[in-house]
Amino acid sequence: MPELPEVETSLRGVEPYLHGKIIKQIVVRTQKLRWAISDELQHMQGAKIVALSRRAKYLILHTTQGDILIHLGMSGSLGILQENQQPAGKHDHVDLITQDGTVLRYNDPRKFGCWLWTKNAEQHELITRLGPEPLSESFTAAYLFARSRNKTVAVKNFIMNNDIVVGVGNIYACESLFMAGLHPELAAQNLTEKQCERLVKVIKEVLAKAIIQGGTTLKDFIQPDGKPGYFAQVLQVYGRKDEACNDCGTIIEAKVIGQRNSYFCPHCQMLPR
């Protein structure tokens, strides 16, 4: 699933081609993804794209006729091409075409993403309930420690909760907990202030490095230029079950936590008794 670094990579990849452009047409080939595609999208001819931004895993196109919320879902990706350059494929569900012939193409084999229109993205219900951005100054050790009090949930599930902090998906939660030396099943309420300080620090580091590497490509995700994300080459625990830990040589284990596969080193990430 594309996570925060993949969406940020997509944003940085498409922004130079779309900022300031006028929408000529939005071609919708599939009426329903995760939700029905907003009818308003097909009536945005003449709208100017005045800005592009990201909030959590949502890419937002801000236009003179409202905002477009895009979520990549489980398998979505965005590409830039020229009009009539390449016929749409089976999984190419939406094309946003600008007046100069630039095409933003949305590909999504599993159709779990979304394209929604809203008057103001900041006031949309999908956005207003979100927690702080992990790379922002508001995501601090003091904040995380305060939110973790009386939370019996596993720390991995805790940091993946978008109400707590956005964008820390399964891959980056596993990697961050390894870097912090924390077992994924540790109860959030048992985190110390020092552990929260370390965890916040490594979450920021892991996500920043992943963005530099263009995200992580495991199966479907590609960058807008067609290249894969290269962070997969430096994963320490995720997807490495039965392989040796790079730090201590102990065999990496996997366990389902919160309905997701979780990877950890039982030596570097001991669970306190």
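Quick reminder: no glycine exception, Cβ is built from N, Cα and C everywhere.
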Check: Which one of these stretches, 96-130, 201-235, 236-270, shows up in Swiss-Prot as zinc finger?
Finding: 236-270
Notebook entry, point to check: Out of Lys57, Arg260, which of the active-site residues has the smallest number of neighbouring Cβ atoms within 10 Å?
Noted result: Arg260
Notebook entry, point to check: Other than its close neighbours in sequence, what residues sit by the zinc finger (236-270), given a CB gap under 8 Å and a spacing of at least six beyond its ends?
Noted result: 154, 156-157, 160, 170-171, 173-175, 177-179, 181-185, 218
Next item on the list: For Lys57 (active site, proton donor) and Arg260 (active site, proton donor), determine the Cα separation and express it in whole Å.
Entry: 18
Check: Across the zinc finger (236-270), what is the average pLDDT of the model, as a whole number?
Finding: 96
